[in-house]
Amino acid sequence: YVATPLAGLLNVKEKIRLKATPNAVLEKFYASTTKHPKQADVEMLSKKSGCTVRQVERWFRRRRNQDRPSLLKKFREASWRFTFYLIAFIAGMAVIVDKPWFYDLREVWKGYPIQSMLPSQYWYYMIELSFYWSLLFSIASDVKRKDFKEQIIHHVATIILISFSWFANYIRAGTLIMALHDSSDYLLESAKMFNYAGWRNTCNNIFIVFAAVFIVTRLVILPFWIMHCTVVYPLDLYPAFFGYYFFNFMMVVLQSLHIFWAYLIIRMAQKFITGKARGGLGVVEDERSDREETDNSEEEEEAVKNGPLSNGHPVLNNNHRKTD
């Protein structure tokens with residue numbers, strides 16, 4: 001109700017996709033065996049289906065493209081995540097900014113384990129936990145990316161951390177960790193939205209800010225301040241117990257994922273700085289995304305039929321015929 005009209009206002013344009021011609025033999029192989037047949041499979045399917053090898057290859061390219069999420073679906077996903085992360089970050093800061101442990105991390109453990117819980121902390125926890133459960137349930141239907149397994153590990157680790165910190169009364173540490181994570185996520189989602197809308201400069205500028213915030217919060221503040229707070233300070237007050245080891249082990253898992261994602265972000269930043277990003281100078285592209293394939297063979301056919309020019313201009317139509 002909100003993201004779709006917003007996509008129209010931002011002029012989010014869908015690429016025209018050529019649909020694969022219905023073919024029972026190829027469809028059965030695609031669904032039951034593999035979406036990426038080897039050359040021997042292509043030749044075998046060519047004989048069975050009565051199509052040429054080139055037609056079989058083109059069919060599989062188009063069929064894979066049909067299963068990929070549309071630009072509008074990506075925009076809608078980025079929109080609702082941006083909305084949540086922004087509201088969650090503002091709410092998180094409102095919950096912790098006036099608390100003494102926001103400024104002095106030793107205050108996190110003052111009086112532990114008997115620490116009172118405020119209503120604002122309760123609702124912050126419930127909303128964050130609900131959100132990550134929803135991500136875990138919807139990950140199969142959301143835009144699928146290359147780090148699908150890492151995403152599942154991240155969601156499970158986050159749910160365990162939030163739940164365990166609740167049970168062990170690590171509420172103060174938990175609110176700091178959640179607010180820290182939300183500080184950069186809304187920037188990434190807004191950069192994606194502008195990227196899908198074709199606002200390249202805006203997207204790139206936001207991405208620079210996102211990369212800086214992500215690296216500072218996830219690779220500096222989290223390990224050297226927050227994890228230091230959860231690993232070192234508690235030992236001054238009480239002997240280590242199972243919960244202490246378990247909580248910090250899950251923090252290490254989360255930090256490992258941050259290092260993995262930081263690698264992807266640095267790769268994108270490197271392409272941006274060197275001007276090698278896809279689609280022109282400095283166009284940010286999500287390294288996790290599964291790229292859409294093009295029909296190169298069809299482009300060649302069009303060049304033969306129509307020549308290199310159409311209406312006095314080069315043919316630049318995303319490798320699709322104008323009629324499609």
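Cβ atoms are placed via backbone N, Cα and C, with glycine included.
Unlike curated records, TrEMBL annotations are generated automatically.
The DNA-binding region annotation in TrEMBL covers 11-71. Among the features that TrEMBL reports, compositional bias 'Acidic residues' is placed at 292-302. What TrEMBL lists as domain 'Homeobox' is 9-70. Annotated transmembrane segment per TrEMBL: 82-102, 152-171, 206-226, 246-266, in sequence order.
Residue counts for the DNA-binding region (11-71) under DSSP, helix first, then strand, then coil, are 36 helix, 0 strand, 25 coil. If you look at the transmembrane segment (206-226), the same-chain residues 6 or more away from its ends with a CB under 8 A from one of its CBs are 105, 173, 176-177, 180-181, 183-184, 187-188, 190-191, 194, 255, 258-259, 261-262, 265-266, 268-269, 272, 284. Nonlocal intrachain contacts for the transmembrane segment (246-266), taken as residues 6+ away from its ends with a CB within less than 8 angstroms of a stretch CB, comprise 147, 150, 153-154, 157-158, 160-161, 164-165, 168, 170, 177, 210-211, 214-215, 218-219, 222-223, 227, 230-231, 287-288. The average per-residue pLDDT of the prediction over the domain 'Homeobox' (9-70) is 85, rounded to a whole number.
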